C-alpha cells in the first residue's frame, strides 16, 4: 500500500470568532498531485499553512511523516526593487544550501541561464521557475505550490504545468497545488479538492466536474473545462513557450 506523507483528519481553523476551515480531511501520497480549487476567501492559503506547519489547527489532527522534506513555492514574492539580488544570491539565502547545488537545481527547471540575472528583472514565468528550483534544493518529498502560475502568460503556464508533472515523475514526490486555472491544471491532476471553508466535493477531475456543488461554485463552463481538457499531449512547452514534440526536437508555437 502506498505510504501517506501527510494526513489531515477533521481539521478546523478558527481566527477569533470566524471559522476559516471546517472539518477538513485529506491525505497526500508520493507521486500524486492534489489540486485545491475554490473562490477567494475559501481558506485555500490557510489550509496550505496548516500543511506546512505554520499555523496549528484549532481542532482535529495533523500527522506528517517524521523528517518529511517539504519544498514550498509561495503565491507571491515581494522584493525591494532597489535591493541588488541576483538569482544565485537569492538561492543561497535558503538555509543549508551548498553553492554546488544551485546550478543543478536551476538546470533541472530549465533556468540555468538566469543564474546571474537580477531577481527584479525576471518575467513571471522565470520568477516561478527560480522559486521552484529553490524549493527543490532540499530534495523534497512534498512540493507545495500556492498559485504557481499567477502572473504567468498562457505559454508559461503550460510550460510550468509540464515541468511540475515531470518533477513529480522524476522525484516521486507528492504535490499539493492551489490553483484557479481550471482549464489548464486539470490535465495533470490526480485528485481535485473543491474548498469553500469545508470540502464541497473531491475526487478525480471527471467526477468533480459533474458534482452539483462544483457547478454551483464555478458554473457550467467551469464544469466543461474541468471535464474536457483531461487528455494526453504529444508535446510540451519550454521556458519561452516553444512547442517541443515528445519524440523529436523543438519548433515554434
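Just so you know, glycine gets a Cβ as well, placed from its N, Cα and C.
A quick note: this is a predicted structure, and the numbers were derived from the prediction, not measured.
Sequence annotations record features per position, and here Swiss-Prot assigns ATP binding site to 38, 39, 40, 41, 42, 43, 44, 45. Per Swiss-Prot, domain 'ABC transporter' is recorded for 6-227.
Here the features listed in Swiss-Prot are painted onto the structure.
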residue	record	contacts (Cβ under 8 Å, 6+ apart)
38	ATP binding site	44, 194, 195, 196, 200, 217
39	ATP binding site	196, 217
40	ATP binding site	none
41	ATP binding site	none
42	ATP binding site	195, 196, 197
43	ATP binding site	13, 20, 21, 195, 196, 197
45	ATP binding site	75, 146, 178
Sorted by sequence, non-38, 39, 40, 41, 42, 43, 44, 45 residues with Cβ within 8 Å of centre, ATP: 195, 196
Once the chains shown are all counted, how many other Cβ atoms turn up within 10 Å of the Cβ of residue 44 (ATP binding site)? 23
